[in-house]
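**Q** Pulled the feature table from TrEMBL, pasting it below:
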DISULFID  Cys153-Cys183  disulfide bond
DISULFID  Cys154-Cys171  disulfide bond
TRANSMEM  12-34  transmembrane segment
TRANSMEM  54-76  transmembrane segment
TRANSMEM  88-112  transmembrane segment
TRANSMEM  197-221  transmembrane segment
Amino acid sequence: LRCGMRTTKCQLLVTSLCVMLLGLSIATVSTVTHYGLHFTLISNVSLDSNAYRIIHHTAFYFGICLSMALILAALLSSAATVRESQCLTAMGFFCFALAFCGLIPAACWRYTHSTEVEDSMMDVYDFVYEEVRRNTSSFRRHELTAIHEAFLCCGKHSPFGDTTNVENKTCPPSQVHDEGRDCLREIQDFLKKHMDFVFSLLGVAIGFTVYGMILTSFLWFSIHFSSNLYRKGKYILR
């Protein structure tokens, strides 16, 4: 029992370290997603009727809460391993379970709503582009220029109408002369790479969370039965 307990403790320490790194990674990705130039530009331009701004803020707060649950689970599991405390072990298991309950809906949402974020971002770009094409707002022209510079693209390739004037006023010079890349495609490719990375990070976190739950539960039972064996082997002489 003691040999298996030592092995479990070593595995749990390594798992806790990996979970802590995953929690920090999720917090970093959430912060970059919320404050990154590409995402903030689209968020500031989007209208209230567009769903992107809600998704933008919800993803940040959800990611921060999820990372805190993972980091707390790692800290409690490490403390429980060192002190062999049943209470800390149970708390660590609870935090792992809480993180697991958050990771599964996040991964399912990414799978079932794979195009919702892309569509909302491209809708924002379409709105700004059409506003500039109709020359209704000089402020929108500044916003469109900022989007072109951030995504390194130039306009959208459409067979309808002459849009050369829009590209000449809002695209970077290098993109105009070299027949720049379509912004809708660039936005879609950029977001697809980002979401694939997030989905991979969530998958790894789910695996370590399940493994952490198994180890903490096994450690709890090992501590419980080990303490019972110690009590059975003690005698008091009167």
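Residue numbering: from 1, along the chain as shown.
Even glycines carry a Cβ here, placed using N, Cα and C.
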**Q** Mind checking which residues reach the transmembrane segment (197-221)? Cβ under 8 Å, same chain, six or more beyond either end.
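**A** Contacts with the transmembrane segment (197-221): 5, 8-9, 11-12, 15-16, 18-19, 22, 25-26, 29, 33, 70, 73, 77, 80-81, 86, 89-90, 92-93, 96-97, 99-100, 103-104, 106-107, 110-111.
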**Q** Measuring Cα to Cα, how many Å separate Cys153 (disulfide bond) from Cys171 (disulfide bond)?
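**A** Distance (Cα to Cα, whole Å): 7 Å.
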**Q** Taking the Cβ of Cys171 (disulfide bond) as the centre, how many other Cβ atoms fall within a 10 Å radius?
**A** 21
**Q** Round to the nearest Å and give the CA-to-CA distance linking Cys183 (disulfide bond) with Cys154 (disulfide bond).
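**A** About 6 Å separate the Cα atoms of these two residues.
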